[in-house]
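Sharing the features that TrEMBL gives for it:
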DOMAIN    112-338  domain 'ABC transmembrane type-2'
TRANSMEM  21-39  transmembrane segment
TRANSMEM  148-170  transmembrane segment
TRANSMEM  191-215  transmembrane segment
TRANSMEM  227-250  transmembrane segment
TRANSMEM  257-275  transmembrane segment
TRANSMEM  317-335  transmembrane segment
Amino acid sequence: MRVRALTIRIIRQFIRDKRTLGLIIVAPILILWLMSLVFSGDEYTPKIGIGELPSELINKIEKHGGEIENIRPNHSIQALNDGKIDAYIDMKGMVPSIILEGSDSTANKAVMTIVQKSLQDLQKSPLNVSPDVTYLHGSDEMAIFDSIGPYLIGYFVFFFVFLIAGVSFLRERTVGTLERLLATPIRRWEIVSGYVIGFGLFTIIQSAIIVWFSISILDIMIVGSFWYVLLVTLLLAITALTLGTLLSAYANNELQMIQFIPLVIVPQVFFSGLFNLETMAPWLQKISYIMPLTYGGDAMKEIMIRGSGWDAIALDVYVLAAFSICFMILNIFALKKHRRL
């Protein structure tokens, strides 16, 4: 009887908590659906710039799925840097010379697969000619962790700051701290600013430690400026902080705050740069525009792998700053609506 009573109580508790009940069903379906869309997307079609190549080789490259663009040799490096092509192929005597852009492992693999198949079709023996391969960014010795490390740094910073900030801000409300602030003439924007600055000081320390540990201890490759990496990581942390405090307005306890993770944080993995967006459906690519980690991952790749400077990351930095400001403004309104401050 006691087991039955306890079982009935748990069932009734779940029925009353519509959010938890819905999350148990909706969240796994949502994530599985996103994974199916990402992994069942089209194969990546590499954009290959060509110089003076035999027409037979060009035809074979197109046959095996390469997208050909005629580019002058003196414009090849600029085209690679601008992302217009993934590789540039020319002939040095009888040997094909390939310059890979290098920062995208998916594109590198696609280019080399197509070129090798094309050469094998033209040669009696596939060992007759080996192409001369160079990398504009990275190298053939770049480990997998070097290529995904920049995205993982941004993701884990975003994840933990979001969780800790959201739960901490929620606890301030549930223990009555915010109510006690009502006894003072403090305004909503001052509350939001105070919490963001207070938590922000710790996110600076966290960001610095994570970036230092990743580069110095884990030895993740970095070509660009350490300070730019720190700036982008800090902006991601501030964005996660303001988003976490915003969503905490719609949670009544820590469990409900954690429930936002599979709905808000997990989907961002698919748009953070770990997966090539160009293989996704066009409508799915557009979702990436509202994902902070899309801009954070792009900036981290530009700095750590491509060695780019401010011009390449400026837009990403401005968008992340805009996300933070937007979330702060929304939090002010959320305080007014839900907390009666």
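Counting starts with 1 at the first residue shown.
Even glycines carry a Cβ here, placed using N, Cα and C.
Just so it is clear, the model here is predicted, and its values are computed rather than measured.
Please situate the listed features within the shown structure.
Outside the transmembrane segment (21-39) by six or more residues, the chain places 14-15, 259, 262-263, 266-267, 270, 275, 279-281, 284 with a CB less than 8 A from a CB of the stretch.
Here the transmembrane segment (148-170) has long-range neighbours at 195, 199, 203, 206-207, 210-211, 214, 218, 220-221, 229, 232-233, 236-237, 239-241, 243-245, 247-248, 251, 253-254, 257-258, 260-261, 264-265, 268-269, 272-274, 292-293, 296-297, 300-301, 303-305, meaning same-chain residues at least 6 beyond its ends whose C-beta is under 8 angstroms from one of its own.
Non-local neighbours of the transmembrane segment (191-215) in the same chain are 149, 153, 156-157, 160-161, 165, 168-169, 172, 178, 181, 222, 226, 229-230, 233-234, 237-238, 241-242, 245, 328, 331-332, 335, 341; each lies 6+ residues outside the stretch with a CB under 8 Å from one of its CB atoms.
Note on the transmembrane segment (227-250): residues 153-154, 157-159, 161-167, 169-170, 173, 192, 195-196, 199-200, 203-204, 206-208, 210-211, 215, 256-257, 260, 264, 292-293, 296, 299-300, 303-304, 309-310, 313, 316-317, 320-321, 323-324, 327-328, 330-331, 334-335, 337-339 of its chain, located 6 or more positions outside it, place their CB under 8 angstroms from a CB of the stretch.
Sequence-distant neighbours of the transmembrane segment (257-275) (same chain, 6+ residues past either end, Cβ-Cβ under 8 Å): 19-20, 23, 27-28, 30-31, 34-35, 38, 148, 150-152, 154-155, 158-159, 162-163, 166-167, 170, 243, 247-248, 251, 287-288, 291-294, 296-298, 300-301.
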